[in-house]
């Protein structure tokens with residue numbers, strides 16, 4: 001059996017140092033990846049805000065609010081840009097704040113609901129509180145557009161798109177210009 005080569009203290013020191021440099025560079029790279037992920041989420045949040053401003057421009061309420069009250073309900077991934085506040089092209093401010101899923105006054109407090117991740121029971125509860133009130137409903141997840149929400153975002157790919165639920169739009173109490181359906185076919189780049 002051949003004997004293993006013995007490492008001199010200087011060789012051992014160099015190899016240990018090389019391993020440490022490699023480990024530190026890997027850890028530093030992980031931080032860069034985290035920064036890239038944060039930047040990507042921030043870009044998508046900003047793109048979501050722009051898509052929503054576009055949708056708002058096609059919607060009319062029976063009594064136009066001076067300030068649009070946007071309620072963010074449930075855990076969300078891309079609502080940070082919304083919560084900072086926005087201004088529509090016509091100069092109307094959009095005030096956004098988080099509201100509890102079980103708040104029975106959502107229909108009177110909100111002109112717009114931005115719905116995050118909620119279970120089916122919570123979703124039904126939200127839409128019961130909106131019944132009879134002119135509230136625009138937008139879901140952050142495109143998979144939930146068949147039940148309740150008027151518009152559902154698809155944020156997963158390189159572009160943000162949305163779907164429109166015509167049945168929910170017809171029953172909502174708000175008027176949505178038909179051109180928004182053309183907007184639904186266009187894509188917004190984050």
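Each Cβ is built from the backbone N, Cα and C atoms, and glycine gets one as well.
Record features (Swiss-Prot):
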- 60, 175, 177: GMP binding site (BINDING)
- 71-110: disulfide bond (DISULFID)
- 145-152: disulfide bond (DISULFID)
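Overlay of Swiss-Prot annotations on the structure.
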residue	record	DSSP (3 states)
60	GMP binding site	strand
71	disulfide bond	strand
110	disulfide bond	coil
145	disulfide bond	coil
152	disulfide bond	strand
175	GMP binding site	strand
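In the shown protein chains, 12 other C-beta atoms lie within 10 A of the C-beta of residue 175 (GMP binding site). Spacing of residue 110 (disulfide bond) relative to residue 60 (GMP binding site) is 14 Å (Cα to Cα, whole number). Whole-number maximum of the Cα to Cα distances across the GMP-binding residues 60, 175, 177: 8 angstrom. Other C-beta atoms found within 10 angstroms of the C-beta of residue 71 (disulfide bond) number 22, with every protein chain shown included. The number of other Cβ atoms within 10 Å of the Cβ belonging to residue 177 (GMP binding site), over all protein chains shown, comes to 12. Candidate recorded positions: 60, 110. Fewest other C-beta atoms within 10 angstroms, 60. For the pair formed by residue 152 (disulfide bond) and residue 177 (GMP binding site), distance between Cα atoms is given as 17 Å, rounded to the nearest Å.
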